[in-house]
Amino acid sequence: MPQTSIGDMTRQQLNRAAQTADLDPDFLAIIAHPKRVLRVSVPIEMDDGTVQVFTGYRCHYNALRGPVKGGVRFHPDVTEDEVIALAAWMTWKCSLIDLPYGGAKGGIACDPDALSERELRHLTRRYTTEIMPILGPDIDIPAPDVYTNARNMAWIMDTYSMLTGHTEPGVVTGKPEILGGSLGRKEATGRGAAIIARELVQALKLDMKDVTVAIQGFGNVGSYAACTLAGMGARVVAVSDKTGAITDENGFPVEDLCAHVEESGTIDGFPGARLPGEELFSLDVDLLVPAALECQIHKNNAPHVRAKMIVEGANGPITPEADHILEEKGTIVVPDILANAGGVIVSYFEWVQARQGMAWPLEDIRARMEGRLKTTFWEVWDEAATCKTCLRMAAYILALKRIEQTYMFRGLFP
Ligand code: NAD
């Protein structure tokens with residue numbers, strides 16, 4: 001694992017974008033800091049009767065464009081710095097896609113694998129109670145992130161509803177469908193990454209049928225990206241997860257692979273040549289989709305990357321040093337804030353449906369998401385050409401300029 005923290009990454013990326021975008025210095029001073037960070041103690045009674053106190057966080061990075069939106073992560077490595085960095089990325093992402101949201105993130109430092117269902121329920125409910133003063137459908141709308149899912153969102157929604165005295169489905173997204181969760185939310189991020197890859201292939205005047213793909217991580221994002229890309233005609237020739245990587249130069253039967261993972265939990269045991277996970281990045285493929293964790297492509301392995309295109313399914317999978325190396329090599333990288341934005345787009349649709357008291361059909365949701373992603377891809381593509389910069393910086397410039405315009409009209413309170 002490289003030394004760069006994701007806090008360092010966000011600061012470096014913001015500084016670089018600020019230089020290119022020529023931002024107002026007062027606005028830059030504001031946007032370089034989180035609006036608020038709440039640190040909470042979360043005591044729960046464990047199954048053995050003892051009390052354990054966990055530390056949780058919720059950061060509202062910036063709320064100029066509307067209520068803040070972002071996931072809740074349960075992981076032993078959760079820190080305040082990490083939560084702030086992830087909240088900053090959510091701020092840029094929501095602005096880039098032109099959603100009426102600011103960015104947020106939250107988390108609890110815990111090992112969810114070591115907790116029972118009852119302990120997880122108590123942890124989620126007590127955390128919700130502690131962040132209650134800054135939670136609400138017009139204030140802050142959480143969603144699932146690493147090691148949280150629809151079940152946690154149901155508990156947050158119920159806790160909020162019990163404490164306010166009325167059922168409030170608009171307080172979270174990524175809920176179970178029976179509670180108002182949106183159709184198409186589960187597939188949205190991976191499907192969105194595939195749509196972005198298809199636009200990139202078109203921009204480069206290539207044919208999807210000639211494109212070979214390697215995907216790191218075969219969870220929610222990686223598996224839906226694989227299925228959608230295969231459906232578009234691309235050949236998925238390598239995939240990896242925490243157990244290692246497998247390859248098949250003829251292309252995997254992706255539906256079968258997904259069924260195998262659904263049943264066994266990993267890609268292990270599926271037919272294909274096995275290789276160490278880290279070798280996935282040096283394979284001779286056209287498109288690489290890192291869809292596992294942050295900081296996976298770093299200065300030590302970036303020189304070995306042979307793919308011409310990278311679509312960032314995960315948040316922050318490429319460190320700034322690696323970004324520089326890839327840029328020099330001419331690798332085209334579609335940044336996370338665009339490539340994995342399908343999830344927050346459908347989360348936004350879920351929130352709108354909750355406010356309308358309506359449920360939209362899946363075809364509408366898919367078409368609306370695709371429309372937003374395609375429009376934004378070409379805006380970023382054109383901005384990169386105009387500013388003679390990479391797609392990441394172009395995306396940052398567009399996102400930051402939109403927040404800056406909002407700031408210019410609203411002004412600084414008081
Ligand atoms: P997930 O837990 O469903 O899947 C993660 C996958 O990565 C698993 O297959 C796991 O085995 C694999 N993995 C873990 N360590 C690995 C390693 N060292 N090498 C290879 N594979 C490894 O998570 P997810 O929801 O698919 O999220 C993946 C990434 O996408 C995260 O960075 C997340 O923040 C980001 N993301 C997710 C969404 C979403 O809607 N799920 C939205 C935006 C961004």
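Just so it is clear, glycine is given a Cβ too, placed from its N, Cα and C backbone atoms.
Some features that TrEMBL has for this protein:
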type     : residues       : note
ACT_SITE : K105           : active site, proton donor
BINDING  : K69, K93, S347 : substrate binding site
BINDING  : T189, N220     : NAD(+) binding site
SITE     : D145           : site 'Important for catalysis'
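Known features from TrEMBL, placed on the structure.
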| residue | record | Cβ neighbours (10 Å) |
| --- | --- | --- |
| K69 | substrate binding site | 27 |
| K93 | substrate binding site | 26 |
| K105 | active site, proton donor | 32 |
| D145 | site 'Important for catalysis' | 22 |
| T189 | NAD(+) binding site | 26 |
| N220 | NAD(+) binding site | 18 |
| S347 | substrate binding site | 28 |
- Starting from the Cβ centroid of K69, K93, S347, the recorded substrate site, name every other residue in that chain with its Cβ within 8 Å, sequence order please. G70, M90, C94, L99, Y101, G103, A143, T173, A341, G343, V344, I345, Y348
- Query: Near ligand 1, which of the binding-site residues K69, T189, N220, S347 are found, taking a Cβ distance under 6 A to any of its atoms?
  - Reply: T189, N220
- Message: Distance check, please: Cα of S347 (substrate binding site) against Cα of T189 (NAD(+) binding site), rounded to an integer number of angstrom.
- Response: 10
- Message: Which one is it, among the recorded positions K69, K93, K105, that lies nearest to T189 (NAD(+) binding site) by Cα separation?
- Response: K93
- Query: What is the nearest of the recorded positions K105, D145, N220 to K93 (substrate binding site), using the Cα of each?
  - Reply: K105
- Is K69 (substrate binding site) helix, strand or coil when read with DSSP? strand
- Running the recorded positions K69, D145, N220 through a 10 angstrom C-alpha radius around the residue listed as 'active site, proton donor' leaves K69, D145
- Query: In which DSSP state, out of helix, strand and coil, do we find K93 (substrate binding site)?
  - Reply: helix
